[in-house]
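So that you can see what the record holds, here are the features copied from Swiss-Prot:
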- His564, His568, Cys665, His669: Zn(2+) binding site (BINDING)
Amino acid sequence: MKAAEIREKFLKFFESKGHTIVRSSSLVPGNDPTLLFTNSGMVQFKDVFLGAETRPYSRATTAQRSVRAGGKHNDLENVGYTARHHTFFEMLGNFSFGDYFKRDAIHYAWELLTTVYKLPADKLWVTVYHDDDEAYDIWAKEVGVPAERIIRIGDNKGARYASDNFWQMGDTGPCGPCSEIFYDHGPGVWGGPPGSPEEDGDRYIEIWNLVFMQFNRDAQGNMTRLPKPCVDTGMGLERIAAVLQHVHSNYEIDLFQQLIKASARETGVADLANNSLKVIADHIRACSFLIVDGVIPGNEGRGYVLRRIVRRAIRHGYKLGRKGPFFHKLVADLVAEMGAAYPELKEAEQRVTDVLRQEEERFFETIEHGMSILEAALADLDAAGGKTLDGELAFKLHDTYGFPLDLTADVCRERGVTVDEPAFDDAMARQREQARAAGKFKATQGLEYTGAKTTFHGYEEIAFDDAKVVALYVEGASVGEVKAGESAVVVLDHTPFYAESGGQVGDQGVLANAATRFAVADTLKVQADVIGHHGELEQGVLKVGDAVRAEIDAARRARTARNHSATHLMHKALRDVLGSHVQQKGSLVDADKTRFDFAHNAPLTDDEIRRVEAIVNEQVLANAPGIVRVMPYDDAVKGGAMALFGEKYGDEVRVLDLGFSRELCGGTHVHRTGDIGLFKIVAEGGVAAGIRRVEAITGDNAVRYVQALDARVNAAAAALKAQPSELIQRIGQVQDQVKSLEKELGALKSKLASSQGDELAQQAVEVGGVHVLAATLDGADAKTLRETVDKLKDKLKSAAIVLAAVDGGKVSLIAGVTADASKKVKAGELVNFVAQQVGGKGGGRPDMAQAGGTEPANLPAALAGVKGWVEERL
């Protein structure tokens, strides 16, 4: 049974049991800033389990794309060397949100494994938490698993509830026992059952974990039963595929075999068991899907992890003899294997390929030199019998050649060598480098709020009377009142304030009553449906239970709405002008501007920018109405609405039709496109490989910008004594005049240099049959210096010459040596002798070289030393 069929059967089985098939969420978590990557099926449901979000279904099933590389969950260094470690994997799961519990979860799992997948029942073992008698009895008395194949696992990690069979979301919150299902590969494979001293062997392999969330743990460690217990299960697709395909390594399943063959094709390796091929096959999955989800190789956070994975794959290809870009060519093979299950991969194929190719080209520019340095160091270390690589060298490889520390460590590990990481860290600190380790994401200080959700009125109103204060927070702690001068977060039962999301900034404004006034500087979400008003109490005392009038800064909101609506129109215009590959990769919409990041591999031309502006302004002039509808997500997407990168959507979504644009959006917008007034792009540039950024302004900001531009044009025209309409023509005339004058100046300099050259030739000193000359040529540029050196070489026949010129505190140097003398006196060495004394460096051919410097005060002494330097070499 192939992996694709296993995935399909899993989802269809649970759909037949009343579960809603929910699409895989992004690898970039939209609801958990503490998590680097989505690493399990439950991540997208975390807020549901915590009660902060509701869904229209109580049963769900998913095939979740997951990554474990960086931070707490880091499998990177093991990938390729073990049978079951991966950076990217698929987690099959079924979930119950207060619906069914242990009995159904266990029966469903058993039915799927034994009836649908047809695994022999006598090959399956199960574990339960040691005091979970309920689960034990279901397995033993209802399912019929013999007692000798049911193992109770106690607290085996040093504390109460610290067990492989007790799951906890964190130090507090939902938790509960779990039951794991193992497959027995038989006595031909070494290993013992779970809980035994030999449990780390490969005979008994965990294939499914059933988590029963039935408790809530408070800060004191007390456990209370949840009113609605939940189920969260996870089964790795690669693991169950290995079992069903009767192989012992995940890399032997059909999906990986095709990618390994493709890796062998691109690297020219015949041995398909080579570990480096496994590394490459694994890494193309992680890298491709991370790029699909908007991650771009970089030097921080997620981008840094992606860069590490890409470079690790490249290094293994290099190890196999591939000295040029190859990794990006595997994207097509991955699409062939997984494109049907994940259409987003196929849609992004060209973009993924381009990003990987660019990253490869960048790395291959430095890898050969860096690898040669590392190989030489390891050879020296081996000769000396050493086992630890100098941390300073590891840092040099990182700083100069772009080798992440773990890449250097990976190479060393293959030679039985470790890296002196403390020394590396010391070097990093001294250099004050900003490259950060992958897991340093900082969680925003959470506010513990358990009340009702906030009712948002901001789509219709700019103010709400009699809003009730339901919670107050000062420095993250819940308080009963706030005094004048204190900064706080206020939660209301009703508000017109929009909380920052979807790239749009939060509202500002005022909360006030007869006795108090609270200035709102920002509005952020405390939970999915709970809005926090951040600011300072300017007067009075504000207490929980007080009623206030909540009023936003309407002018600021209007400017923000104009920019947000213009962003939608610009997005559509960019797709029309550049192509359908354009996808939003980030945005910031505030009252001053809109900043829009999107997937595209080339700078926009002036013509493309003008076309985008024209299309958007045409939509503005059409004064089309903005129409908002709420509908199921699937219906919205089928109807042509665009879903945007980084956004987390529920099953009911808000669709905005604005002119020719249709997008899913929860932000605030203009009522008609004409309200935008005027649209103007003011900046365009690149922010990462394959990602461009456009900044634009609207309304009164755009009018002021155009007026200022007009004023500058008028001022420039006046300075050139021309009418504004004649400015381009006049600039052309001035440029022609400048070129003519530069040509005339060059001729004069050449004539002057020629006459000076005749005089300089007389200053040459003969040393060992070679004329040596070191002098300053006043007013000469680099071209004049070179021409003069050539003339002097012709005149003197056998010579070693250094000429210098000083301009604006900078030294220019040219050295020339005739062919007969260049075997002993090389121009590159000669010019560097002088350059080092004037704060510079240079180089070139044995007969001609140039250099520069920044310390002209040292030039006379440096030139005076040339005669002796040449004399030593003749």
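Here, residue 1 is simply the first one shown, and the rest follow in order.
Cβ atoms here come from the backbone N, Cα and C positions, even for glycine.
Close to His568 (Zn(2+) binding site) in the fold, though at least 6 residues off in sequence, lie Leu656, Leu658, Ser661, Glu663, Cys665, His669, each with a CB less than 8 Å from its CB.
Listed in chain order, the residues near the Zn(2+) site other than His564, His568, Cys665, His669 are Gln504, Ala561, Ser565, Thr567, Gly626, Leu656, Leu658, Glu663, Gly667, Thr668, each with its Cβ within 8 Å of the site Cβ centroid. Spatially close to His564 (Zn(2+) binding site) yet at least six residues away along the chain are Gln504, Val589, Thr594, Cys665, Gly667, Thr668, His669, judged by Cβ distances under 8 angstroms. When other Cβ atoms within 10 Å of the Cβ of His669 (Zn(2+) binding site) are tallied across all protein chains shown, the result is 24. In three-state terms derived from DSSP, His564 (Zn(2+) binding site) belongs to a helical segment. When other Cβ atoms within 10 Å of the Cβ of Cys665 (Zn(2+) binding site) are tallied across all protein chains shown, the result is 26.
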